[in-house]
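Working notes, structure below.
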Ligand SMILES: NC(=O)c1ccc[n+]([C@@H]2O[C@H](COP(=O)([O-])OP(=O)(O)OC[C@H]3O[C@@H](n4cnc5c(N)ncnc54)[C@H](OP(=O)(O)O)[C@@H]3O)[C@@H](O)[C@H]2O)c1
């Protein structure tokens, strides 16, 4: 399967998204463990290989908000996306020694393979106070109890596929904003119930790649 790079996804998006100031303090930099996902009306996020929706504006926003923060992802999502530039990519696998890396790492990217979500969170919290969990389905579920925020691109139509986003229950989550963008909305949820405390941070994590 060929990889679709972030840059290819963003081809049609306004360059100004990517050139936005990166270290000015914004809500998007507040401490938290944030799941970010594109979700269809029927909860589908993928078919196990690829995502059903690719909106250049959404990809540009994904890059802007996650840039500089550590990313946690499942091995399958890593296989599909490769290393993302300007971010530490923490890949969760039951056989981390078998995770593969590109010969040439993209600029500013680092890759670390770990064997559990707890280890991923420990490494990530040693790097930054804001951590993004970027999928896929297994990893959103595994990280669910630690999440403080959900950053959802809610697409207005259903999709085919067997991989779904966990149910967002009104008991645990409060919708705090919704921004319409034509075919989709950017919707933010904050956790009402207390998240599980993060494991102790791992200092001096060394990138595998
Ligand atoms: N719409 C979106 O926003 C979005 C975002 C990301 C991905 N996706 C889609 O989601 C799909 C992939 O999701 P997926 O659920 O199939 O795979 P995934 O979550 O990306 O990765 C699954 C892999 O993670 C590892 N893993 C899972 N739980 C683990 C645990 N508790 N401990 C250690 N390792 C663990 C295993 O790797 P090993 O097999 O190496 O042990 C497992 O095979 C694709 O279709 C992708 O396009 C959609």
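Glycine is treated like the rest: Cβ placed from N, Cα and C.
TrEMBL tags one of the stretches 1-23, 24-46 as region 'Disordered', and that stretch is 1-23. Averaged over the domain 'DHFR' (32-209), the predicted model reaches a pLDDT of 95.
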